[in-house]
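As recorded in Swiss-Prot, the features of this protein are as follows:
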BINDING   ARG24, GLU81, LYS120, LYS455  (6S)-5-formyl-5,6,7,8-tetrahydrofolate binding site
DOMAIN    216-378  domain 'TrmE-type G'
BINDING   226-231, 245-251, 270-273, 335-338, 359-361  GTP binding site
BINDING   ASN226, THR245, ILE247, THR250  K(+) binding site
BINDING   SER230, THR251  Mg(2+) binding site
Amino acid sequence: MQAATETIVAIATAQGRGGVGIVRISGPLAGQIAVAVSGRQLKARHAHYGPFLDAGGQVIDEGLSLYFPGPNSFTGEDVLELQGHGGPVVLDLLVQRCLELGARQARPGEFSERAFLNDKLDLAQAEAIADLIEASSEQAARNALRSLQGEFSRRVHALTEQLISLRIYVEAAIDFPEEEIDFLADGHVLGLLEKVRTELSTVQREASQGALLRDGMTVVIAGRPNAGKSSLLNALAGREAAIVTDIAGTTRDVLREHIHIDGMPLHVVDTAGLRDTEDHVEKIGVERALKAIGEADRVLLVVDATAPEAADPFSLWPEFLDQRPEPGKVTLIRNKADLSTESIGLEESADGHVTITLSARTGAGLELLREHLKACMGFEQTAESGFSARRRHLEALRQAGQALEHGHSQLIHNGAGELLAEDLRQAQQHLGEITGAFTPDDLLGRIFSSFCIGK
């Protein structure tokens, strides 16, 4: 535990007027401030109703005073909460009184930062506080709460413990060469390594789902000109976000629209029609479309169900196959069902490809697409599964997986225990970045500075 020398204060409730406003104080002067403001000694962990006093003994407000001596508090330090009326003037006067008594204004996220530094929370849990506050759907809020309760951290710690056990075995064999352990023939190391890689892959998959729920899924609408891409964007957005005409090539640039489906955020990107063209401006639009396809979380490949080439849509644009994400992230949209003989519906092939037949113009089948996109974001997770994750967590997991893959290759092809030991160390370090065990100070500063003041 790190002892803080400064006492900090901030308004913990949202800006503006409200029924209740909270001023939070943390640090060694919290107890003295409690006596000065409330005019009496406060019993620990009890709510005391009474006046809040200024320096002259005049009443600023009336409300509840709660004192939590450290280390049994949110920050691990002495903490005081003053819960009064939610008027900004009253709250500012309370903060000013605390400043007069020796506290200083807290930085954004400093309360959570102190909780982290005092081992009350790890870094993933601290970030989950902000995620819970900013959650835009019930599922995102549930996931953030599970991360705050330590679910994500437990998964990471379990992987770390397995890596430590594996490192002990490998490094002991290196330190005692007289034992002459053949890592490859032994089978024990390879078995443990495969187990860790499998479990890491599972955590990566669940973390990716959690990140989509938190940050929103980027959905790129792609296809040939006049397939109805812009009409589909307008239908999803519920407004005329894109110009729609019968002229092929109307959309020449990337158009972005941010929407919510049952509170779940989606970043929908309409792109230029994919075709060979001599038009310089349209050619740039096609290049940008292909780039957007490569960066998408999900691609909606839109085809005109009335066109002859719709029978084999993936042959419409060969470069699409090179730029698109993995096959499971592509949904085929057979549009203009109102002009064809096809029935509205959703089909899933044996290889996992999903095809949705709809009409963007009439809206028929649009609800199927919405439900499909919600499922892609993890909307169907139960309350007992899933956790919140951020992009930096995904990157740390990716790098850990990369290190394990390299170590596995070294073991299989070279039987190189020394190189495997280094890869295991790197994988452990990358996992430690998630919980804060191995995190540079500048990164910590960036993370906590993004929090609300008073959190």
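Residue numbers in this text run from 1 along the chain shown.
The backbone N, Cα and C atoms fix where each Cβ goes, and this holds for glycine too.
Features recorded in Swiss-Prot, as mapped to the structure shown.
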residue : record                                              : Cβ contacts under 8 Å, 6 or more apart
GLU81   : (6S)-5-formyl-5,6,7,8-tetrahydrofolate binding site : ALA12, ILE22, VAL23, ARG24, ILE25, LEU64, SER65, LEU66, PHE68
LYS120  : (6S)-5-formyl-5,6,7,8-tetrahydrofolate binding site : PRO71, PHE74, THR75, GLY76
LYS336  : GTP binding site                                    : GLY228, ASP304, ALA305, THR306, SER359, ALA360, ARG361
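Compared over the binding-site residues ARG24, LYS229, the count of CB atoms lying within 10 A of a residue's CB peaks at LYS229.
Across the domain 'TrmE-type G' (216-378), mean pLDDT in this model comes to 77. Cα of ALA272 (GTP binding site) to Cα of SER230 (Mg(2+) binding site): a distance of 9 Å.
Neighbour counts were taken as the number of other C-beta atoms within 10 angstroms of each residue's C-beta; across the binding-site residues ASN226, SER359, the minimum falls on ASN226. Under the three-state DSSP scheme, ARG24 ((6S)-5-formyl-5,6,7,8-tetrahydrofolate binding site) falls in the strand class. Ranking the binding-site residues SER230, ALA272 by other CB atoms within 10 A of the CB puts SER230 at the bottom.
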